[in-house]
Amino acid sequence: MSQAEPAAIEAEGLTKIYGSGNTEVVAMKNASMRVARGEVVALLGPSGSGKSTFLTAVGLINTPTSGRITIGGKLVQDGDAAYTNLRSFRRKHLGFIFQKSNLIPFLSAIENVQIAMQLSGESARASRHRAMELLDYLGVADRAGNFPSMLSGGQQQRVAVARALANRPSVILADEPTAALDGQRGRQVMELFAKVAHEQGAGVIVVTHDHRALDVFDTIYEMEDGLMTRSTSSASVHANQPITPLD
Amino acid sequence: MNLATKDIRHNFGRFALTAVGIGMLLMVVMGMGGIYRGVVEDATLLIERVDADLWIVQRNTRGPFAELSRVSSNLVYRAAAVPGVSQAREFVYHTIQRQRDGKPLRIAVLGLSWPTDKGEWLPLSAGRTLGQVHFEMIADKQLGLALGERIKLGKETYTVVGLTENMISASGDGLAFFSVSDALAIQFDTPGEATRLERAARRSRGEQFELAIQQPSVLENAMRPASELPAVAEPQISAVMLTLSPGADPERVADVISGWGDVSVYTADGQRELLLKGSVERVRRQIGLFRVLLTVIAAIIMALILYTLTLDKIHSIALLKLIGAPNTVVLGMIMQQALILGFVGFGIAYLIGQQLFPLFPRRVILANADLLQLAGIVLAISVLSSLLGIWKAMKISPNEALA
């Protein structure tokens, strides 16, 4: 990927401060990240380090106190100023996967995938076809008609992954997506992210504690106490080994 | 994809129970309207059915439907002589209560002016009109009397020769139709002992008069039956009904009769109005206020139910917002559920009401206009009650999906 080409997502100097005065808490300080199209990025760090704050900020859910977010070359957020309809932008360009499967309980597995496409204007028939393809790809096609309560944690997570991929987003944001999966399934999901990133040119940011699949990632970032640091590539981090904070 | 119906499908049991609850509440609202219609219908039924153009009643009274009215029975002949009057009929009306099979039986007795009125205007469902001046009656089915059944009232026994349906008095009692003379006999029936005591009292009073001392035959006459004494007046009737000749001016006829010092005269509409503004008005206001109260309660309960349903979906709504659903999708889901709940509740109210209302002791009449009005009210309260849920849903942040 050429540096001249617009990044899938670029965050510059993101800071998030909760409260003020004596109750002020700096959750994230001057965090920057550039994810090229087709690049898969891991974000590591201990609990409370600011990973989720960063992820929700670049996911246009949580407004940063300051900093800029550019997606696909378009400046969408500068501090608390939004330059587009964030909800509509999220629907079209971002895919989310979270630690908990976050499926809508009153929709079946296939409807949970379809809803994302139908909100973007896809027809019922086309969305059903693609949803079935995605469920099949993720190995849960046989549970398409089941409600989330009838699925195991791993099956629910795979349906959530299918939903995140449904609209062919330019950026996929995943927060501990493999927490509910066994090692093999977890690795398959990570490899799936890499495949989607490479085939569709999407940028992928994965917050994870799962060190067994770190070799899948192109770049690794770490956060601690709200500060973000970058490793040049995954080669510098050994799989199955604890990550040591970088300078 | 319709999220409202998907949610209902998934929580069908809860939704069905909620809809039944709302339906029962709306059924009560519907029933209150029906009871009011029934009261008005029952109250005005006689006035509408007897088809009189003018009513002559006791001076300065509001007529037999509103209060006690007594006029001389010979008034019918005076009235018949007024130019423009085609027919004058006596009207005798009173309510009696007797025991039958150990249960109280309330009968609204109405006298028909034999032979001009044998009950031809009555909607008979079985049997015939009165065929003789005495000892026959036409009864409403509500009284529970069968055709051919004999019932003793006062000293006489009457045979049911005809049956009517839905001929009810303003107070909800079934009507029974007799000749005027029989109706008066029932009304003024006096036990033998009371008659004997009354005659003795008459004699005792007479003994104090000089005339009776000078002429003992006068005292003997005083002991005779009241009907044989010219000094004792005929029993009074409640009112006289007039039917005017074609082309006769009701106001002109009323003006003539109003000049008589002993009576007041009303048109049929005037009598109807007096009835509705009198005894029925309070019932109407009472039922109306109760209906408003129930409607408000239904709206509050619906609002709370929809609010609770929204609270149950906070996570789903946050998730929908997170994946980019516009507010209209969320708003539409809550609004549609409110409308479906209102619509289904209304349907349940109607269906259950159809089965239950006929079992009520008073008539419950579901008029189309009232049903349409209630449907409009249900639509309005569905929309209004969803506002609380919508307000809550609009406040939900996508962040809550991550909590």
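Every residue number used here counts from 1 along the chain in the order it is shown.
Placement of Cβ uses the backbone N, Cα and C atoms for every residue, glycine included.
Automatic prediction, not curation, is the source of TrEMBL annotations.
Database features, via TrEMBL:
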- B:16-257: domain 'MacB-like periplasmic core' (DOMAIN)
- B:290-398: domain 'ABC3 transporter permease C-terminal' (DOMAIN)
- B:12-36: transmembrane segment (TRANSMEM)
- B:289-309: transmembrane segment (TRANSMEM)
- B:329-352: transmembrane segment (TRANSMEM)
- B:372-391: transmembrane segment (TRANSMEM)
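Summarised by DSSP class, the composition of the domain 'ABC3 transporter permease C-terminal' (B:290-398) is 94 helix, 0 strand, 15 coil. Contact count against the transmembrane segment (B:12-36) (Cβ pairs under 8 Å) is highest for B:329-352, out of B:289-309, B:329-352, B:372-391. A Cβ distance under 8 Å defines the sequence-distant neighbours of the transmembrane segment (B:289-309), meaning residues of its chain 6+ beyond its ends; these are 18, 21-22, 25-26, 28-29, 32-33, 36, 334, 337-338, 341-342, 377, 381-382, 384-389, 392. Per-residue pLDDT, averaged along the domain 'MacB-like periplasmic core' (B:16-257), amounts to 88 for this model.
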